[in-house]
Structure formats: C-alpha cells, structure tokens
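J.: As annotated by TrEMBL, domain 'Integrase catalytic' applies to 133-229. Residues or ranges marked as region 'Disordered' by TrEMBL: 52-72.
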Amino acid sequence: MPWDARDTMSLRTEFVLFASQDGANIRSLCRRFGISPATGYKWLQRWTVEGEPGLQDRPRTPHHSPNRSSDDVTALLRMAHNRHERWGARKIKRWLEDQGHRMPAFSTIHNLMARHGLLPGTAPGIPATGRFEHDAPNRLWQMDFKGHFPFGGGRCHPLTLLDDHSRFSLCLTHCTDERRETVQQQLVSVFERYGLPDRMTMDNGSPWGDTTGTWTALELWLMRHGIRV
C-alpha cells in the first residue's frame, strides 16, 4: 500500500491511528503501509506533538542541513520516551536498535535525552549530571566485587572489571573468595588478553582497601607493573 498523492493525508491518518494504539507493532504496520520505519516514526511523532496539522507536508530542508541527523534522532527518542517514560538512555537506545534503527553512540543518546528532558526525573534544558569519561580505552579500568551469595556449597564472589571509556566488560567472573592471590590470578588473565591499563580504580574493601592510608599488597603489585592506582 505505497502512499501517493491521491489520499496521502488519509493514509497518514490511518497509519498513526493504528500506530498510536497500545501494543502496536510499528515495524509490521510500516510494512503494511509500504513505508520505512523511519518514516513511520516521523509521522507518529508529528501526530503525537501537533495532531493532524503535523501530517501535512513541509518544505524540504537543505540536503546537507547540519541539524538533520540530530533532529531525526531526537524525533525517534521522543517517540520512544512517549512509550517508555521510565526508561533511561541505554534501554531506549537498545529498543530503537531492536526496531531496526541505526543509532549513534550511547553518550550522544544520553546528551540528547538530557537536553530535551527525556531522561527520567529531568526537565528540558536542565542537563543531567554527567560523568567524567576517559578519552581512550585502557586509560582507566574500574574493578569491584559485587557482593557474594551462596553457590554450589560455597559462596560466589562476582568480580567485575570495566573499561571506563568504552564501558566494555573486561571481566565478570565467579571467585570463591576475595583474597589478593585470587584477584591477581584473574588480573593476569585479563592483562594477557587486553594489555595493561594506565590506571585502575577500586572501591574500598578487601582485598584492596586499607584504612591506614598505606599501600596494600595488591596495589604495590599493580604499581610494579606500571599501573597507577
């Protein structure tokens, strides 16, 4: 059912009425109406914001408009937010990608949603609190034990290691304890696979925390490998 000049407005209206229903499968509707998902989301967004006048054709913008890409992404983010108001940038990005849209980096999505008040608990024009992010992989790794719980007759101590720049999970493994030797054994495996970071940060606590202010054995071991802590 490709759209043409004969009844474009009626087809657009019919599409948005179907698409705005709870549980509507947007991609399926787009196939039914012979349009791309990007076009479908564009008309649904205009309908949501402006009503029927938003379905009218508009003058074309220059082909190389610098804001075109940002505007298109923002329209998709608004539409996704209207359907999932409690979702943050990461879940919105994944959901839109599952719908077939090519999305920019998470940081771009987060900034656009913050700018337009689409993050939970924020308002337009009020930027969300940002985090410092190193400008390249292996500049900083973040290591932490995520608690512990009963497992297989003993206890599981999940050890996590995250690259600050890429947010890539370098390690998520089950440890039987939180001893320095156990941690070093896991770190050796990670170093052999991904190389050495410039710096590592760890929360206070066994085996790397020390309330006396002196270096722990694990920190000294890392520094001997040229890693700042």
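Including glycine, each Cβ sits where the backbone N, Cα and C put it.
Tell me what's around each of these sites.
T.: In the domain 'Integrase catalytic' (133-229), helix, strand and coil residues by DSSP number 23 helix, 31 strand, 43 coil.
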J.: Over the domain 'Integrase catalytic' (133-229), what does the predicted model average in pLDDT?
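T.: Within the domain 'Integrase catalytic' (133-229), the model's average pLDDT equals 84.
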